[in-house]
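Below: the structure, in structure tokens.
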Amino acid sequence: MLLCDIGNSNANFLDDNKYFTLSIDQFLEFKNEQKIFYINVNEHLKEHLKNQKKFINLEPYFLFDTIYQGLGIDRIAACYTIEDGVVVDAGSAITIDIISNSIHLGGFILPGIANYKKIYSHISPRLKSEFNTQVSLDAFPQKTMDALSYGVFKGIYLLIKDAAQNKKLYFTGGDGQFLANYFDHAIYDKLLIFRGMKKIIKENPNLLY
């Protein structure tokens, strides 16, 4: 079974247990003889995907208890296997969603870590810097690189901590493992979105035929 999670920069695939990533340009050239079950948040690819007979869109099959308007299918899929907890998907944006008794209580969005860098560099060339991923969040910074890093990482940390209260934290996405290290008992699951997709297919076995 081939699953595909299409974003704005990349398309991530899970082929049984084999995980791989294609750029959007590579994805447009991708050919396969078996069915591909996908979710997609890339507006530019919607027409292309409609014309691909082997591609099966899973989005219409998700029944998700939320009053949030415009919740992305990637966020829905990431939350779909979680009954209670906070789901953090840390990619080009960082999304934080709160689930209680399988009900989505709401969520919020931050820039991704790479985009914080771009924001700083647009403010001033002097703020163009790599981040110090080892910066202490328990001591005030004494140089610009650490000050930028502290501002980003401590801000993200405090917002997630405040949202989590005593709930379990589930991290996914490219920066998910890094952010999970700031929290005790956090779970990093690279395949969280794919688990949601697999659950949908299990609930709708006719999709396989």
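Indices start at 1 and increase along the chain as displayed.
Even glycines carry a Cβ here, placed using N, Cα and C.
Going by Swiss-Prot, these are the annotated features:
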type	residues	note
BINDING	Asp5, Ile6, Gly7, Asn8, Ser9, Asn10, Ala11, Asn12, Ser92	ATP binding site
BINDING	Tyr68, Gly72, Ile73, Asp74, Arg75, Thr144	substrate binding site
ACT_SITE	Asp74	active site, proton acceptor
BINDING	Asp89	K(+) binding site
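For Asp5 (ATP binding site), the nearest neighbour among the listed binding-site residues (Tyr68, Asp74, Asp89), judged by C-alpha distance, is Asp74. Each residue contributes its Cα atom, and for the residue listed as 'K(+) binding site' and Arg75 (substrate binding site) those atoms are 8 Å apart. Neighbour count (other Cβ atoms within 10 Å of the Cβ, all protein chains): 14 for Tyr68 (substrate binding site).
Inclusion criterion for the binding-site residues Gly7, Ser9, Ala11, Ser92: a C-alpha placed within 10 angstroms of the C-alpha of Asp74 (substrate binding site); this criterion is met by Gly7. Around Gly7 (ATP binding site), the same-chain residues six or more apart in sequence whose CB sits under 8 Å from its CB are Val41, Asn42, Asp74, Gly91, Ser92, listed in sequence order. Rounded to the nearest whole angstrom, the C-alpha distance between Thr144 (substrate binding site) and Ser9 (ATP binding site) is 30.
Within the set Asp5, Ile6, Gly7, Asn8, Ser9, Asn10, Ala11, Asn12, Ser92 that the record links to ATP, no two Cα atoms are more than 14 Å apart, and one pair reaches that distance. Taking the C-alpha positions, the distance from Ile73 (substrate binding site) to Ser9 (ATP binding site) comes to 16 Å. Each of the binding-site residues Gly72, Ile73, Arg75, Asp89 was scored by the number of other CB atoms within 10 A of its CB, and the lowest score belongs to Gly72.
Long-range Cβ proximity for Ser9 (ATP binding site), meaning a same-chain Cβ under 8 A and a gap of 6 or more residues, is found for Ser23, Ile24, Ser92.
Residue annotation for substrate gives Tyr68, Gly72, Ile73, Asp74, Arg75, Thr144. The furthest Cα pair among them is separated by 38 Å. With all protein chains in the displayed structure included, the most crowded Cβ environment within 10 Å among the binding-site residues Ser92, Thr144 is that of Ser92.
Here the CA atom of Ala11 (ATP binding site) lies 15 Å from the CA atom of Arg75 (substrate binding site).
In the three-state DSSP assignment, the secondary structure recorded for the residue listed as 'K(+) binding site' is strand.
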